[in-house]
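For reference, the structure is listed below as structure tokens.
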Amino acid sequence: MLLFFALGLLVHFVFFASIFDIYFTSPLVHGMTPQFTPLPPPAKRLVLFVADGLRADALYELDEDGNSRAPFIRNVIMHEGSWGVSHTRVPTESRPGHVALIAGFYEDVSAVAKGWKENPVEFDSLFNESTYTWSWGSPDILPMFAKGASGDHVYTYSYDAQREDFGAHDATKLDTWVFDKVKDFFDAARNNQSLFSKVNEEKVVFFLHLLGIDTNGHAHRPSSREYKDNIKKVDDGVKEIVSIFKDFYEDDGKTAFIFTSDHGMTDWGSHGAGHPSETLTPLVTWGAGIKFPQNVSAQQYNDEFLKEWRLENWKRQDVNQADIAPLMASLIGVPFPLNSVGILPVGYLNNTALFKAESMFTNAVQILEQFKVKMTQKKEATLPFLFTPFKSLSDSQQLDILRKARSYIKQEKFDEVVSLCEELIDLALRGLSYYHTYDRLFLGISVAVGFVGWMSYASLLTVKSHSNIPRGNRREGEKPHHVLPCSFMAAAVLVACFLTIQACPWTYYVYCLLPVPIWYAVLREHEVIQDLAESLLTFPLSHLVAYLLVFTLGIEVLVLSFFYRYMLTAGLIVFAGWPFLTQLWTRAKVTCLSWALFSLLLAVFPLMPVNGCRITGSSAVAGCSNNSHKKKFGKGRAVGTSVTDAEYSPLYVCCVQHPPQSVKERRPTSYESDCELDDISLTSMQFTWNTDIAQFRQLHLDDIRRAFFLVSFALGLLRSSNLFNRTGIFSSWSRILAAGLISEQASATM
């Protein structure tokens, strides 16, 4: 029995670890050729301000007196540059946000094993492509971009990690340190000829990471005076730094400025999930190559924000967070980051139509290069007769689109070039996702076959241990058959050969070979299977139907709990009363009473408000409901996140320090989402969603598969626990709930 217990732990560990190979492989590829626009860039240098933890509404809204907390930034919006909302993706953490901003791709999900602190795979970035980059800020952010940079041209200046005190009374000193160091840097450059010549080079980047707002938000919450005052101090600091640049470079008009944030923050001071307060961040750009403010009478975003922010007359242009990387590369003329999946927002560029068309063409070729490398890698590792290419973007289609785009450029049909390149980018990104998940079905089937086999084996041993099945024994002297073990040995050899030919990782051997001994053990119990089948045939049909109905109802309750949390409460209440309807009550009263008590206690938790949803005071974040539907973000290009777009952490809730959100809040959602939020007050703002049914994510067959993945995992644990004790089911429910949390997160990324 102890051996079986150890084998059970091993099997469940392997199935658990398979999540990482199926959903957590790095999407990054290497070997692409750098692509850059063959035209003179509008800017010689770029200044990037990232206000860590700054929410869009906190920057754009007016205070109680009708004044802006960031008057300089607001003046830029109205008189100097372009603005919008940058939509981040889950996980809304500092590192993934900066990777999206500077490298142009959404977090490499394999970094979950490093706690989102370090990337296991090297990647290209804007800093690496620059001539020189100087950066100031947090020691948690700056080193990761200098670590992978080629050469010695990325310089970092960080304060001590001890300064990042999230319990400090006021963290504005972190931002003051950055501004002071930048001022000292330019004072030194005036007296250092070598440094002076470097800062006057072309394609230079200055990066200011401002952590104070995030730290004050964690310590005091975004509605606090400390958080709001920090925004004002950042605004003053940005104004002073801009003045220093103009003075140092004698206002030559060759400096581009970008002000944004890596992520937002909930009203109760957390981030990491997909709530709009965490995913909506500001984007303000001005300077060389940036379009001046555009006065408009109508916006493409039909929401209340523009009126509440009193910015309805200035054109707003929303982007995906990863789109900022190609924008910055285009401004200073460096190659687009090799792993970038961002789409250049040409609406921000103040340049010729030819420059915009060439930049979009470069963007399309750069993403297409990743697609071609990914396809080549997968093709080389797959047997020719088994390889299935991405049919929507064949080699001939690639050439046709590129030729047509070049032809349009010669004919000066620049708008058509932009549209054609956007189409090519969309196809290439879909193809990247296709090849990245190419082995997912194969691995999923292997794991499912093994898991079903283990459930079957555990069930057979349970029946064998607690019943008179099998009824008869094998006759004495009967020789064992060798056909079954030989067949399974042959199957194992064939599977191993198949994996070897395709040069698969060693973990693939584990997932694919593990079902062989499991199913061999199942079929060895053929006598139990035969007697069990005979017993079921003699079982009363009415009883069988009743049990099937109860079983089906239980599964439906588990599936519905994915969407309605209170269904878990209903199921737990039924579980609490179940022992009293059986003979267990007469045999183990204390155990039954304990079971009922703890089940009822567990039943309370699904009814409790989700973290951050009901906070007393002037600001409260409410949950999903069907009341007071206000249009949030308009019908522009969907720039949020979606379940099908991203590969996110199934263990996210276990791997980061922030409390878990509800299923609806935790799942990545587009800003035109399938969830409705009611009465969400972010100070004076309301992040609400329209309930237009056309915007809802449609239910797919995969959704059913994901839901039943939890059920299968739970039943496997249940069968394993029943083997040791007939009352083992009492202790298994808590394990099922824990497994369900992990499995639900995993299924959200399938």
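One-based numbering along the chain as shown.
Even glycines carry a Cβ here, placed using N, Cα and C.
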Students should find that the transmembrane segment stretch in TrEMBL, chosen from 326-348, 441-463, is 441-463
For the transmembrane segment (483-501), the distant same-chain contacts (Cβ-Cβ under 8 Å, at least six residues beyond its ends) come to 383, 508-509, 512-513, 516-517, 519-520, 523-524
Across the domain 'GPI ethanolamine phosphate transferase 1 C-terminal' (430-612), the model's average pLDDT, rounded to a whole number, is 86
